[in-house]
Amino acid sequence: YHRNCMSEFMGLIYGIYEAKADGFLPGGASLHNCMTPHGPDTKTYEATISRLGGDANEPSRLRGTLAFMFESALIPRVCRWALESPSRDLDYYQCWIGLKSHFSHED
C-alpha cells in the first residue's frame with residue numbers, strides 16, 4: 001500500500017489484474033489521484049503474505065493478460081459523465097475491509 005505524488009490511471013484490456021482478485025474486469029479502469037492511498041485488495045494481499053517463505057521472492061509471470069497504467073504529476077479532471085455513470089463502483093473501498101496488519105513492534 002502506498003501513496004505517491006503521481007496520479008495513476010490504470011485499466012485492464014483483457015485477462016486478469018493481479019492486484020485485485022475479484023471485480024476488476026476487462027474494460028474496467030481506476031483512478032488514484034495524487035496522495036490517495038491504494039494497493040492490492042485484502043484477498044490478494046492475504047494470499048501473497050501466506051506464500052512468504054519458500055517461493056515468495058521468486059519472480060512470477062502472468063500470461064494472457066494486458067493492463068496499462070498512465071502516471072502524471074498533474075491531477076486529472078473527471079468529467080460529469082464518468083462521475084454519474086451507472087457503471088461506477090461506489091463500493092470500491094470495500095476491497096480493503098478486513099485488511100490486517102502483518103507488522104509487529106516485537107523484536
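Each residue, glycine too, has its Cβ placed from N, Cα and C.
According to TrEMBL, the features are:
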- H2, E8, H38: Fe cation binding site (BINDING)
- Y17, H38: homogentisate binding site (BINDING)
- 1-103: domain 'Homogentisate 1,2-dioxygenase C-terminal' (DOMAIN)
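Mapped onto this structure are the features recorded in TrEMBL.
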residue	record	Cβ contacts under 8 Å, 6 or more apart
H2	Fe cation binding site	P37, H38, G39
E8	Fe cation binding site	L31, H32, H38, M69, F70, E71
Y17	homogentisate binding site	M10, F24, G28, T65, A67
For Fe cation, residues beyond H2, E8, H38 with C-beta within 8 angstroms of the site's Cβ centre include exactly Y1, R3, N4, H32, T36, P37, G39
